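Asks: Pasting in a structure now, in C-alpha cells, and then I'll have a few things to ask.
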Amino acid sequence: MKVSRVLALVLGAVIPAHAAFSWKNVKLGGGGGFVPGIIFHPKTKGVAYARTDIGGLYRLNADDSWTAVTDGIADNAGWHNWGIDAVALDPQDDQKVYAAVGMYTNSWDPSNGAIIRSSDRGATWSFTNLPFKVGGNMPGRGAGERLAVDPANSNIIYFGARSGNGLWKSTDGGVTFSKVSSFTATGTYIPDPSDSNGYNSDKQGLMWVTFDSTSSTTGGATSRIFVGTADNITASVYVSTNAGSTWSAVPGQPGKYFPHKAKLQPAEKALYLTYSDGTGPYDGTLGSVWRYDIAGGTWKDITPVSGSDLYFGFGGLGLDLQKPGTLVVASLNSWWPDAQLFRSTDSGTTWSPIWAWASYPTETYYYSISTPKAPWIKNNFIDVTSESPSDGLIKRLGWMIESLEIDPTDSNHWLYGTGMTIFGGHDLTNWDTRHNVSIQSLADGIEEFSVQDLASAPGGSELLAAVGDDNGFTFASRNDLGTSPQTVWATPTWATSTSVDYAGNSVKSVVRVGNTAGTQQVAISSDGGATWSIDYAADTSMNGGTVAYSADGDTILWSTASSGVQRSQFQGSFASVSSLPAGAVIASDKKTNSVFYAGSGSTFYVSKDTGSSFTRGPKLGSAGTIRDIAAHPTTAGTLYVSTDVGIFRSTDSGTTFGQVSTALTNTYQIALGVGSGSNWNLYAFGTGPSGARLYASGDSGASWTDIQGSQGFGSIDSTKVAGSGSTAGQVYVGTNGRGVFYAQGTVGGGTGGTSSSTKQSSSSTSSASSSTTLRSSVVSTTRASTVTSSRTSSAAGPTGSGVAGHYAQCGGIGWTGPTQCVAPYVCQKQNDYYYQCV
C-alpha cells in the first residue's frame, strides 16, 4: 500500500482529503425490520437495549426513542458486526453491555464472530474475536439470550455458540473466552440438512443461558446455571449446580419441542420456559409453556390453550418481577388471523388473551393500537380492509414475536419486537383491571430497513427509497426527511421494491419494480411517487431486477436475472431485448429520450433507439466488471461508469471514455448530485487511500474527498447512493439494515490523504487443549460507536513550520509546509505520507 501511495505522489495524482460530513438517518420510522431481542437492566430504570438481526444494537432513551450504538464498528470490513446474535447486561454495573456479533455461519459471511463489550453504554466498544462464526441473521436468532453475565460475579460471562461449538466462558469480564469442556451438549438440530447454501443446514447450537440468582455461590460464582440447546430428541435443558464444573440434563423436562426462552422469577424460585416445534423465527405450528419449580424439581405444563386453538408455538416471554406469578407469552407464529398474546397473574394457572373471536370472522380486541411516530404502519398494515383476498384479515399485533419484555422496574412498561417494529406501552396492568391495554409502535429511532435503491429527481421528489419488506417511501422535499411518511408505496403494495427511476425531462414520472412472484411487478407514478398505478402490461412471471425510465417517460427498460432485459413503450407489452444479457446494468440518458446505456461483464452497451437494440461501446481500460452507470441529470450524453478498476467518464453518449482518476479503484455504486454553483458532485463507493468507503468529487472525478468519516455503512458492495437533485451538497446513502443516511457539505478538490477511523480488535489464539482461550492484545482496544470517533495524536509528529487550517495537511514524508494547526485542531497522523489538522 505504501508503494502505491508513493507512486501516486510521484505521478502527481491527487489523494483524497477528509470533509466534515455529519450523518443522520432519514426518518422512515417504525423500525422496518425484525427485532429478535430486547433486554432491560434488572435494577436500573430506563436502561434497555434492542438487538436487530441486520441493523446492529440500539439503546433506549427516556422518551421511548432509541439510539444506534454500533454504527462505528460496521465499516466495509466489519459489515457483519450489524448482526447481533445475543446481548447481555451486567446486573451489577448498568454501564456495561455485551453483544455477540456476526451475520452468518455459512459462506455468506467469510469472517468469524466476536464478543464486543462496552463500559459506557455503547459509546465505545472493545472486541474479543472468536475462532468461529456467529449468526445474527441465521435461523434461531430469536431464541435467547445466548449471552449472560453472572449476577454474583461481573467477571464471569457465558456464551452459547452455534454450529456445534458449544458453551464458552469468560472469567475476566469478556476479555478472553474459553470453551467449557465439561458441557458436551452442542444443540444438533438442523432445520434442513439438504440446504446446499448452508443457511438452513447448520446446527442451531445453544439457545440461551440463564443464571439462578437465588442459588448459593461457589468460589464467588453463581452455582446454579441453566442452558438451553436446540435438541428435541435427547434433552434440551441442562443445569449445573456447582458453577459450571459439571452439567446434567434437568430431570422430567418436556421433550418434543425447542426451548426458545427461559426466565427466572426469583420470588417464586421458578423458571418459566416457552417452547416451539421449530427454532424460529418464521416457523412454529405447535408449542407449549412450562413452569419449572427449582426447589421442588417439578415441571408443570401451563400452556394457555390446547386442541384446535393451539396451532402455533410460543416465543416471547415477559415476567413481571414486581408481581410474582404475572407473565405474558406470545405466539410463534400465528400467521392467521393474527398473533396472540396471553397474560397470567397466577403463575400460568389461568390466562387472558389479548383478542378473541366474537363471531367469525369478527375479532374482539382487548387493546387499542396506534403508531403516531410511524403513521405508515397503521395506514398500510393495520387500517386496511384486507391483507389478501383469501382471508380479509390483517395481522395487527405483528409476527415473529420472539422478544417480549416487562420492565423489571415498572409493571406498566412493556415492549415486544416483531418482524417490522417494536410494539409496547405504559399501561400493561390495565390488562388485569379493564382487560384493555394501549399498544403503540415504540421503535422511534430504529431504522433497520434494507435499502434496495435510491433516487433524487432535480426539481421533483427529493428522495425515492425502494426498500425490502416495506416496499418504499417518497419524500417530496428536504423538509420531509425528519418526519416518518404517512404511507408506504401503495396500490400496488409489495413486500419489496428492488429499483426505482424517474424520467429526466418529466421528473414527476416515476417507475418502480418489485420482486413478488405471481403479480405484475411494475408500478408507475405521474406525481413524483405520491400515488401509483399498476402497469398491467407487465407479465406476472417477471420480477426483481433494476429499472430505467427514458428521459420523456415513455419507455421502460427492465433488467431481470431470470427473464432477461425487457422493454415496454407507451405502457405496451414488454418484449425481450435480445442484444443485452440477462441481469445487465442499465441506465437511461436523462435528457435524450432515445438513449439508454447498459453494461455486462466488461462490455459497455449503448442504445439510440429507445432501448430496442444495443450496440457494443468502447472497452473501458482493463475493467473486467461494470457495476453501475450514472447519467448526468441535466447534461445530455454525459455519463459515468463504475467498474472494478475505477470510474470512466464519457461526454458523447458512450462513444469515447476516459478514466477520471486512478486514486479511486474497485468502485461500486456511483451517483451525481447538485454541488456548489453550477457544479455537480460525483459520489462513489470505492477503494481509495482511506480504504473502502464513500468518496466525493467536486471536479468530475479528478480529485476525491472522503466524506464517510467514522460513520459505518456496512459493506460497500451492498450500499446505495444518490446525490440530491435539488439540494446543494446533499447526499443519501442506503444501507442493508440501517436505513437511509444523509449529510450535506461542500466538496472541494482533494489536497491530501484522507482521515479514517482506526479500528483495532483483540486477537485470538487457540490452545491445543480442549479448552480454547481467546486472548486480547496487550493494549486495550476500543472502537467508537458514535459518528465522531476519538483520535489520538501520534508521537512521531511531522516536521516543518507554519500554521495550517482545519482539515489541511500538516505533515508527512516529504512535507515542507506548515506543521502547526489553527486552534483548537491538532495535527494527527493519517498515514506515513499525510498528517491532517483534525
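In case you wondered, yes, glycine gets a Cβ from its N, Cα and C as well.
Heads up, here are the entries from Swiss-Prot:
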{"type": "ACT_SITE", "residues": "ASP53", "note": "active site, nucleophile"}
{"type": "ACT_SITE", "residues": "ASP469", "note": "active site, proton donor"}
{"type": "COMPBIAS", "residues": "754-797", "note": "compositional bias 'Low complexity'"}
{"type": "DOMAIN", "residues": "802-838", "note": "domain 'CBM1'"}
{"type": "CARBOHYD", "residues": "ASN232", "note": "N-linked glycosylation site"}
{"type": "CARBOHYD", "residues": "ASN436", "note": "N-linked glycosylation site"}
{"type": "REGION", "residues": "750-801", "note": "region 'Disordered'"}
{"type": "SIGNAL", "residues": "1-19", "note": "signal peptide"}
Asks: Looking at the recorded positions listed here (ASN232, ASN436, ASP469), whose Cα lies nearest to that of the residue listed as 'active site, nucleophile'?
Replies: ASP469
Asks: Tell me which residues of the chain lie with their Cβ under 8 angstroms from that of ASN232 (N-linked glycosylation site), as long as they are six or more apart in sequence?
Replies: TYR189, GLY255, LYS256, TYR257, PHE258, ASP277
Asks: For the residue listed as 'active site, proton donor', which residues of its chain lie six or more apart in sequence with Cβ-Cβ distance below 8 Å?
Replies: GLY32, GLY33, GLY419, MET420, PHE449, SER450, ALA495, THR496
Asks: Return the average pLDDT for the domain 'CBM1' (802-838) as a whole number.
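Replies: When the pLDDT values over the domain 'CBM1' (802-838) are averaged, the result is 58.
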Asks: Tell me which residues of the chain lie with their Cβ under 8 angstroms from that of ASN436 (N-linked glycosylation site), as long as they are six or more apart in sequence?
Replies: TYR366, TYR367, SER368, ASN430
